[in-house]
Amino acid sequence: MTDASIYPVPAEWKTKAKVDAARYAQLHGRSLADPGGFWLEQARRLDWIKRPEIAGDWSFDEKDFHINWFADGKLNVAANCIDRHLATRGDQTAIIWEPDDPAEQPRRYTYAQLHKEVCRFANVLKAAGAKKGDRVTIYMPMIPEAAFALLACARIGAIHSVVFGGFSPDALAGRIQDCDSTIVVTADEGRRGGKKVPLKANVDQAAPLCPSLEKVVVVRATGGGVDMEPGRDAWYHDLAGMVADECPPEPMGAEDPLFILYTSGSTGKPKGVLHTSGGYLLWASLTHEMVFDYRPGQIYWCAADIGWVTGHSYIVYGPLANGATTLMYEGVPNWPSASRIWEVVDRHQVEILYTAPTALRALMKEGDDFVAKTSRKSLKLLGTVGEPINPEAWRWYHEVVGEGRCPIVDTWWQTETGGAMITPLPGAVDLKPGSATKPFFGIEPQLVDGEGHLLSGATEGNLVIARSWPGQMRTVWGDHARFFQTYFSTYPGKYFTGDGCRRDEDGYYWITGRVDDVINVSGHRMGTAEVESALVLHGKVAEAAVVGMPHDIKGQGIYAYVTLNANCEASEDLRSELKQWVRTEIGPIATPDAIQFAPGLPKTRSGKIMRRILRKIAEGDVSSLGDTSTLADPSVVDDLVANRVA
Ligand code: ATP
Ligand code: MG
């Protein structure tokens, strides 16, 4: 469902933004014409121990496959995020922490305090045996100590692997084993939406499955009772009392690993994505400044979890590298009420808010009153990431949340890309609801057909990136062959994103969904996003997920799972009405063959719909649903299987 409306850059953004349309065209042009010069110049935004003299050195060809950026440079990522700000903004707030329970007081850390906390944490990790190159698994709630732990690893050159605090002991064990972590950093318990999460108890269950694991460092967060195993487990505060709050940053090569992060697993077994130090930090920092038009002093909130790449790049590394004030929120969007996000915005006078379509759809479903009763006057810019945003949700975000005055940056990117890739710059690009718009500096997106032929002009195809960029992942941990195989073998010489995409007459990019999810009805290829957006546009529909199912005549038919808004009733009439609705919105070819009303959809822990499970159910093949370990609520699957529309 394409929304033809255009939201021009507001007049004051045209004049005041860091990058206007002309500057964007100039910078993007130069980044492609002279990548060496452009990127060495951009690299100056970081503090180097040894400044690099070479920028990109890479080849996507199988014979000579390698990816390096700034390889002769040396730096320390934590020093870039903290130490270099001390002289100019030591007393400025670096992190604002908003607790789960709104009745509690927020915490604030200045850059000077952050320096002490991170140094102490780094010394604790050293005391626990961590050395440069060791893997440290971080399994933490959204508390400031989680950010300290990441930065402490970066300071001493240990490689962190953050595992989202909502994962089960088995999922945690798998990720500890995959990278042979020697240390796990955790907390007694986490808190989310008023509920306790037994993090330490989960580690206790995972530990016996992990032969590499030597030490567990436990932060006291809730004060809940836990078992401590002598020799293996230690309280953070005990160790912290014995170490200094000074720790010299380890000089690191630009290509030394910074972290491993497992993908969300929406398409298959999670991949251990490895990012290195120099290129990643440059990408996180540059995109954070330009995409959000960030200015020192602004309160900036990325409402993601640190367990996802969005939390890495846009809660911790990007903002702190830029000397920003970054807000970290412990809880969930809809607790104690669906007003919470907007209340936090008001409480801290947030100017820039970055969240996901899944959260927006969930809040939209509860009605506008929860938004309307808050002020939100501080908001200047809104952002979204994670899935294609339905134009309906986009407009709600723009009109109801932002009262029409805040541009929305719809940022398309992946764990693999390190940071935003296709995204508006708010002062430069007119917006179209549902489009991630234009490529960021240095990014050369291309659309290819199934055989890899380059498609030009307004067209639709598979999204590939034709050249390397500094924030690109460098390998799949422990499986370099899988790295090449997954991303570079399908279309030789290009990075394959796995996403389908349309480019319109204005050169705007529209992500249509995962390529694996594309439906082929009587020879017409259709992205899932388009049909889903049409369904969500209906007043009674809160959320929709669309998959293909075998069809004797058409090859594939369309099977839609539909979640209705609060207090809307499912009925046969509504079913026919929705079929007719899609027919009118898109055309007869997109008419769903089956509609199943579903109270819940299977989603990853990061809120993405797992269509591969829905596809199996639609096909009636429920015996082999594949890896479901990253599902947020596995019980939804039983309901979906039981209520399958035959
Ligand atoms: P896995 O690779 O294990 O299946 P995943 O792809 O869900 O997991 P992420 O790296 O978190 O893991 O997600 C990246 C994907 O999210 C992109 O490939 C794209 O499909 C989708 N995505 C992210 N941002 C956007 C956006 N702004 N618009 C459309 N799609 C988006
Ligand atoms: Mg992916």
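Note: Cβ is positioned from N, Cα and C throughout, glycine not excepted.
Since this is a predicted model, take the numbers as computed values, not measurements.
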Quiz item: Can you tell which of Asp369, Asp430, Asp499 TrEMBL lists as binding ATP with Gly386, Glu387, Pro388, Asp410, Thr411, Trp412, Trp413, Gln414, Thr415, Arg514, Arg525?
Solution: Asp499
Self-check item: Across the domain 'Acetyl-coenzyme A synthetase N-terminal' (24-81), average pLDDT on the 0 to 100 scale
Solution: 98
Practice problem: State the Cα to Cα distance, in Å, between Arg192 (CoA binding site) and Trp413 (ATP binding site), rounded to an integer. | Solution: 27
Quiz item: Given the recorded positions Lys195, Arg514, His538, Arg583, Lys608, which one has the fewest other C-beta atoms within 10 angstroms of its C-beta?
Solution: Lys195
Quiz item: Got a sec? Which of these binding-site residues, Gly194, Pro388, has the most Cβ atoms within 10 Å?
Solution: Pro388
Quiz item: Within 10 Å of Lys608 (N6-acetyllysine) (Cα-Cα), which of the binding-site residues Gly386, Arg514, His538?
Solution: Gly386
Quiz item: Relative to the Cα of His538 (Mg(2+) binding site), which of the binding-site residues Thr310, Pro388, Trp413 has the closest Cα?
Solution: Pro388
